[in-house]
Amino acid sequence: MIILKPSWISHNGMPIFSIDIHPDGTRLATGGQGRDSGLVMLWNTAAVLDENSENDENVPKMLCQVDSHLASVNCVRWSHSGKFLASGGDDKIIMVWTLSKYPNSGNIVFGTKNIVNIETWKCMFTLRSHSGDILDLAWSPHDSYLASCSVDNTIIIWDAKKFPSIHKVLSGHTGLVKGVSWDPIGKYISSQSDDKTLRIWRTSDWKTDTIVTTPFKDCGGNTSVLRHSWSPDGQYLVSAHAMNNNGPVAKVIERDGWTYEKDYVGHRKAVNCVRFSNSIMERKVGKKNHHMCLCAVGSRDTNVSVWQTGLKRPVVVLESLFQGPVLDLSWSTNGLNLYACSYDGTIAILIFDPKDIGKALSNQDKNIIFEKMYGISPLERHNNNLLIENPAILKMNGIQQSEVREVDPKKEIKQPSPNVIKPLPPILKKQIETRTSDGRRRITPIFIPPTPDNAEEINVLPFSSSSECKSQVVVERVNNIIEPNISNSCSNFSQESQTPTIIDSTIPRSTPTSVLQISPTRGESKKRPEPVALISNLFSTKKIKFNNLEDNDISSDVRPNFGQTAMQKRKFTISNICTDRVVVENDKCKTINGTISKMKVYSNNLVAWEKVFSSSVVKYCTNKTLSLIVVALNDCTIHVIGSKNGSLICPPYVLSSLVTSISSNNHYLLCMTQNSLSVWNIYKQECVLHEEKLNTLVCSNKNKPVNVQKCMLTENGTSIITLTTGKSYMFSISAKCWMMIGDSGDSIYSNSSQKNKHIGLNKTSGKYPLSVMQAYSSKYKSNLDFKDTEGISELCSKSFLEQQMSAALALESDKEYRYWLMTYVSFLIEREDNDRLRYLCQDLLGVSHGYSSHKKVETVIGMSKHELLREVLGIIAGSRSTQRLFTEFHDQLQQMS
């Protein structure tokens, strides 16, 4: 072992309160007291560890000195990535520093004559919230959070991704909080205070998990800091100042049960700081290799002791290393170098030999150890703050991952890395200078992109004695005289505007979109060919629009805008339905008794059959299940025709008024007239719904103009209507009334964070009726200016999801019910609503006791509740906060199976 004490690392004789080594080992940060302010200094470790570099004048020793803190700096901590350096002190603020990518090296430190900064560090964020001195800082694994503790008795968790945003304030200590440390797994964060307690907080809900008090009852508040530390495997937490038999010790707290039966002893005064190395060492003891962790302990007695887990005696004890209390410790990444600082203003470096302490394990070997202990590797711990307690969860998660890979192994979602900076555009280094006809100079400006100050990778930048740089912009002079740019582009634009392109002048702009397009008049048909409207997929895509209703005429009928179009001559073609092509020619010929309309059905470009009607065809629909074509005529009749041979399946249905909308699905047929709605089972020739009046829907929307935006029929014969007010209704045959299944203009819908969850569903398939209707109603969303101060948005989201489940259940849409059920479960897990989750799981489980002959597995929309419960448990297993709920119902379900 080698001990180094470089005298040139100092704060001008003032105390050094904190020390930390950069993860790559190239920089050493110290924080402490300056002459009139707090001081943060960065040192080049090459000059510290290598004697030749130390004596080389071309190798800088000090890299940077910043004195932005108004009072003493009590703590400096590098982030795990090495990108940021956080410093906190008596001025109650935290500064987060980063190396400038384009530094102004060679600048002299303000107030000095010969101190030059080799590197330029910029304060990226200033964090203000503490009301007292800040004593300790700690970065979470993977730098997601930064924790700070203060004499104001609180710990603040800062969101490192959204600086200076505060994620949580931990309150509970009744004394000065002098130390904070993160569990390397990310499940816990610990804090030690002058209130003679060490608290362990859960990061899942930021609540207290355990309070350790017994080892600290006899401790006095005579330490400036209480910096404790977790072992790199997360199995041990070693506290600072504790007492055992009236002697100062560092208490070893085991993760399993939070027991504290072991101590690190030998110091004569209180322990100020404890620091574990981040490396797990492999050391041969006897004939076997053992995995051990290195722990350094610093005390007020100016001594430093180094321990290894599994050994009863310390590796080394250094007495009288300093002339003042040891305040902070830091280990290099390889676990061989220990840095310590003291109140006397000096530092010491202990360089160990691998023969004495062992060799550090690789990251791959550490991952294997973590997976054996916790079922999770360090690379995944930042996504899952809680550890797996039930082996069934590990098994289920493994099954889920394999299933996901089998679904589509080729499709991989590539998420952009948040740390990737786009390359800057090349800087144009040529400046063009021209002259106008009157002799004036004109210089074309060049774009100089801004230079970002946050560098992703920090390297030791080369330094030079010359700080001046010459401009690289080249001026190019053009002798040609530039004329004013007044071309005839305006006239060209006006000519194009005078001759706009007309797509179809026969269709007025105000005419609503309907299934049938209006043909040109006879006079216009002589000038140009008659247009043919190709209509495909009528049932799923076309709109049926109705006139507005007057507010004072509630009893009036819903009158469609088809009076004019039904009397005109039209020709249209329907393709890709049940046959190749169907051509309808209304008013084909005139007779004494009236006009005759003709229908031709083509198969393989040949006429398969023809049929005539005594009235104009106003509506069409097809039924692929029964191979039928349903035709609605202008004489208020409906003809059901076989698509293969054109035979009439049954006598025409006679309605009381003109058909405005018609659709068919599975065995059912829906017809909407001017004032009613009817549904038949055309396979059984039975009436399901007979002329149900639409006045109810008019009355419920009497304060708004009402138009029917969409009308459809589900596979089980349920009729659904969506109005332009954003409301969707279904008619329940069993309840004999209309039910509202959605309202996009409702305030609950508008303020729900889950309203866009149906985007992943198919909005064109009839198997997703709820999604299809909401795709139309979502066009009428209301944008409300709402400030959520009482959690109303969360309640709105919960109410919306419950409404979606009930609507899917009423529509007997099994796929949509399963989808919204799983979305609801995910929402409850995210909100940690375990009570409602337990109620939901209990409902799906059913009766779990009694005689087996009396037990009956219930179903919902033909789906087994137990199968749904298995899917729900699969989602619950993905969250560590609900694993006990998973264990409860997983065991019951296994017994019932």
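Each residue, glycine too, has its Cβ placed from N, Cα and C.
According to TrEMBL, the feature compositional bias 'Polar residues' maps to 503-522.
Per TrEMBL, domain 'CAF1B/HIR1 beta-propeller' is recorded for 9-208.
Summarising the annotation, TrEMBL assigns domain 'Protein HIRA-like C-terminal' to 646-844.
Summarising the annotation, TrEMBL assigns region 'Disordered' to 503-527.
The repeat 'WD' feature in TrEMBL is assigned to 66-100 (among others). Through the fold, the repeat 'WD' (66-100) approaches residues 15, 17-24, 29-34, 37-42, 109-110, 119-128, 130-139, 141-143, 146, 148, 150, 158, 160, 163, 225, 328, 453-456, 458 of its own chain, all at least 6 residues removed from its boundaries and within a Cβ separation under 8 Å.
What TrEMBL records for 127-168 (among others) is repeat 'WD'. In the predicted model, the repeat 'WD' (127-168) shows an average pLDDT of 95.
Marked as repeat 'WD' by TrEMBL: 170-201 (among others).
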Quick check on the repeat 'WD' (66-100): DSSP residue counts for helix, strand, coil, in that order please.
0 helix, 19 strand, 16 coil
Which residue counts does DSSP yield for the repeat 'WD' (170-201) in the helix, strand and coil classes, in that order?
0 helix, 19 strand, 13 coil
